[in-house]
Amino acid sequence: MASATLKKNYRCSQSLQQFYSGGPFVVSSDGSFIACSCGESIKIVDSSNASTKFTIEAESSTITALALSPNDKLLFSAGHSRQIKVWDLDTFKCLRSWKGHDGPVMGMACHGSGGLLATSGADRKVLVWDVDGGFCTHYFKGHKGVVTSIMFHPDVNKSLLFSGSDDTTVRVWDLLAKKCVAVLEKHFSAVSSMAVSEDGWTLLTAGRDKVVNLWDLHDYRCKSTIPTYEVLEAVCVVYSGSLFASSLGAFLQQSGKKKSRSTGIYFITAGERGIVRIWTSEGAVFLYEQKSSDVTISSAEDEDSTRGFISAVMLPLDQGLLCVTADQQFLFYSPAEHLEEKWSLKLTKRLVGFNDEIVDMKFLDEEEQYLAVATNLEQVRVYDLSSMSCSYVLAGHTDTILCLDTSISSNGRRLILTGSKDNSVRLWESERRCCIGLGIGHMGAVGAVAFSKKCRDFFVSGSSDRTIKVWNFHGLSDDIEEPISLKAKAVVAAHDKDINSLAVAPNDSLVCSGSQDRTACIWRLPELVLVVKFTGHKRGIWCVEFSPVDQCVITASGDKTVKIWAIADGSCLKTFEGHTSSVLRASFLTRGTQFVSCGADGLVKLWTIKTNECIATYDQHEDKVWALAVGKKTEMLATGGSDAVINLWHDSTAAEKEEAFRKEEEGVLRGQELENALLDAEYTKAIQIALELRRPRKLFELFSELCRKREAGYHIDKALHALGKGEFLLLFEYIREWNTKPKLCHVAQSVLFRAFNILPPTEIIEIKSISELLEGLIPYSQRHFCRIDRLIRSTFLLDYTLLRMSVIEPATQDDLKTKSLLHSEKNEEDALLTDNAEEDQKQVSEEQKPKASGKKRKSHKSGDHSRSHKKVKDSSTHANTAAVPSQA
């Protein structure tokens, strides 16, 4: 068998995060995304896979109202802070904000033209705002309670505004007349939802008084009252051209229930019962009612707590119906395709807005398509990883599920095993989504379960009662209606404290248990006879697992270490340290040559056993990572923890190797282009390639060569004009490094000078992190200029020394004013002629003096000789001094 390739890296490909905490939400006009309130922020969620596109930190308090403009360009939000904000969904920036209500804003709606925004608040007011200007255009008062719902007439040509309140009334406001034109009083409880018929002349209102009222907008009288016998939270009109209406009409026509000329209005209601019902205004009867609710009810909820649906909307473009539950789930419905027998709704997708704490998870099969997740609830949620939607929910336990395991039975059925705080274990069949086996016998919460690996006809369970039980489910039939009571065939008091983890050997001969008593034990199956006991951890053991190829066991402990033990003698083979807190899960990879671990520090680590090396660490969680699942096909990972986040990880070793090879190949080609550009003296192209390849040394050589050219400024400017903002940022980073070295600072200062001459200050400020770059440039630049200043001052000492040695003569102020470079040679000749004339005149006057004595004559000769030397010296000095400015 070929050796497995070691994994070098994993990449987080998908993530399921909390995106809805209850409250307002709004669907885009094309149904592609949903804006949801999530605490103090707004999440923009992709409706296809529940991924969060963007998070807007909108408020310092809870969001209470949301609305979208008709073109989905603007998002309006308001919260308990009473601040109304307008967000640009292209840049996700707040365009403007204002305050208008004296209390929290409870409802919000945008006009079909996009120019007006209506808000209703707890201050009993209804206000209409100009979207562009942010000023109030209408101020309506009249309600005696909190105004909870508000809606413009869908026909933009009809200037009507509807508002529903806790005072059981609905008011109709005329925007042109700026007054209330009607007060609709037929409800006996708060009005929760409103809708307008397709023709625009019938208003439907639903309330918590369990009725739907239909109002004629011609004279504002109540046409009919339809009792629903359910507290309603939403009413939606089914338009005639939609898929709902056509499929329902076809079924009614086929069954003979529909009249030839029916003028009734189809509408949908949703409420506390968690079922969808479709009604017709003719006869006030429902045409369809769901047999059972898709809403999962927690057994811990009180009888008076909110259940069922809290809202429902018809999705645009015939995408179906969206219902939102009280436990933050988005249910998508569409009509069933086969209508031979009866019309029905099909649940096409379930997006879970909040998962609570992730306790355990396992892949359902080898294809890694489904993931079974145990959260801090009584149900198991099975996710379809292609859409990250919850395919179905398994409900039956009466308390929180603590652990689960999955397996495929000998006859090909996908099975799920769960252990709960209700002291029971349940066996589920995935295809039929029902419980087929129930094991009762533990005296404490069941904290660990494990399927057999080879025979797949039994499982083991461990509990806080410190016992291990072996359960046999061999012979269960496929057509079980009710769960069969399972019997334990072996029991052992295994540990002194709670049992946290169990694992069955690949050949089903052994089972390993890990406990809070800091020990792990190997037991022989099926008698549960103790084989060996592992002692050495200083804290409780959270996870145990058998190696797939070797006779060893891995354990993860609260003492921040992972250990590998030999089954033969119980000795510790290796110890791995690296986590900064308790290690909660560990699992083998790559045929037992590697393993992955996760812990309470929120880290996921990848280890190579042979080298004892942690080769990768991932920090994608913000809290404890309780759950770890490893796929069998590609060994993809799934992690979940206390932060209610599920991350999916794919092996990226081969992809990164291929990417590195591609980049290397591309780098070689670009390097050749750089050399060709140098040979052709195309410095602009060469500089661009050097920046692209991140070669600062080559870039410095190019600029140095440009600085040595005759027209250096022109060439440097030409090269800099071709650079973009990102390239300028990289260039400034290199200049900052060059500027720190005296040998390289001259080129750095030259390029920096030309760059600041080219770029206007406004563009320089826009460069990312320019302030940090300038902070690194200024001190060294000051140091370089100070050094140059000291060198210039040092040259004054040389001038003074030469002057005192009579090598040069001091230049007068008149000479400095008259000298110039253009006339240096003429001034040089005039100076020589003047000096020669003065010397001749002095010599004549000396010769005319009387000779006093021989001694004087002797001295005169020696002085004459010295003067001749001085004359020669002075003439040479004049020549040298005249040559200096010409060279300068």
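Using N, Cα and C of the backbone, Cβ positions are placed for all residues, glycine too.
Caution: TrEMBL annotation is automatic and unverified by curators.
Taken from TrEMBL, the feature compositional bias 'Acidic residues' applies to 827-838.
Residues or ranges marked as compositional bias 'Basic and acidic residues' in TrEMBL: 839-850.
Sequence annotations record features per position, and here TrEMBL assigns compositional bias 'Polar residues' to 877-888.
Look at TrEMBL and you will find 672-805 tagged as domain 'U3 small nucleolar RNA-associated protein 13 C-terminal'. The average per-residue pLDDT of the prediction over the domain 'U3 small nucleolar RNA-associated protein 13 C-terminal' (672-805) is 87, rounded to a whole number.
Under the heading region 'Disordered', TrEMBL lists 827-888.
Residues or ranges marked as repeat 'WD' by TrEMBL: 56-97 (among others). Remark: secondary structure over the repeat 'WD' (56-97) totals 0 helix, 24 strand, 18 coil, with classes taken from DSSP.
Annotated repeat 'WD' per TrEMBL: 98-132 (among others), in sequence order.
Sorting the repeat 'WD' (140-183) by DSSP state (H, G, I as helix; E, B as strand; all else coil) yields 0 helix, 24 strand, 20 coil. TrEMBL lists 140-183 (among others) with the feature repeat 'WD'.
What TrEMBL lists as repeat 'WD' is 184-225 (among others). With helix defined as DSSP H, G or I and strand as E or B, the repeat 'WD' (184-225) counts 0 helix, 24 strand, 18 coil.
Below 8 angstroms of C-beta separation, residues 296, 299, 359-366, 372, 374-380, 382, 435-440, 442-452, 455-457, 459, 461, 463, 471, 473, 476, 478, 483, 486 of the same chain, each at least six residues beyond the ends of the repeat 'WD' (394-429), sit close to that stretch. What TrEMBL records for 394-429 (among others) is repeat 'WD'.
Here TrEMBL flags 439-472 (among others) as repeat 'WD'. If you look at the repeat 'WD' (439-472), the same-chain residues 6 or more away from its ends with a CB under 8 A from one of its CBs are 399, 402-410, 415, 417-427, 485-508, 511, 513, 515, 523, 525-526, 528.
Summarised by DSSP class, the composition of the repeat 'WD' (492-525) is 0 helix, 20 strand, 14 coil. Annotation comment: TrEMBL describes 492-525 (among others) as repeat 'WD'.
Summarising the annotation, TrEMBL assigns repeat 'WD' to 534-575 (among others). Same-chain residues lying 6 or more positions outside the repeat 'WD' (534-575) and placing a CB less than 8 Å from one of its CB atoms are 497, 500-506, 510, 512-522, 581-588, 591-592, 595, 597, 599, 607, 609, 612.
With a cut-off of 8 Å between Cβ atoms, the residues of this chain six or more beyond the repeat 'WD' (576-617) that come close are 4-10, 539, 542-543, 545, 547-550, 554-564, 623-628, 630, 635, 637, 639, 641, 643, 649. If you look up TrEMBL, you'll see 576-617 (among others) marked as repeat 'WD'.
Per TrEMBL, the feature repeat 'WD' maps to 618-649 (among others). Remote same-chain residues near the repeat 'WD' (618-649) are listed as 7, 10-18, 354-363, 366-368, 371, 373-375, 383, 385, 584-590, 596, 598-600, 602-606 (criterion: CB distance under 8 Å, separation of at least six residues from the stretch ends).
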Of 56-97, 98-132, 492-525, whichever stretch has the most CB pairs under 8 A to the repeat 'WD' (140-183): 98-132
Helix, strand and coil residues within the repeat 'WD' (98-132) as assigned by DSSP: 0 helix, 20 strand, 15 coil
Long-range Cβ neighbours of the repeat 'WD' (98-132) (under 8 Å; 6 or more residues past either end): 24, 64-71, 74, 76, 78-80, 82-84, 86, 138-141, 143-152, 154-156, 161, 163, 165, 171, 173, 175
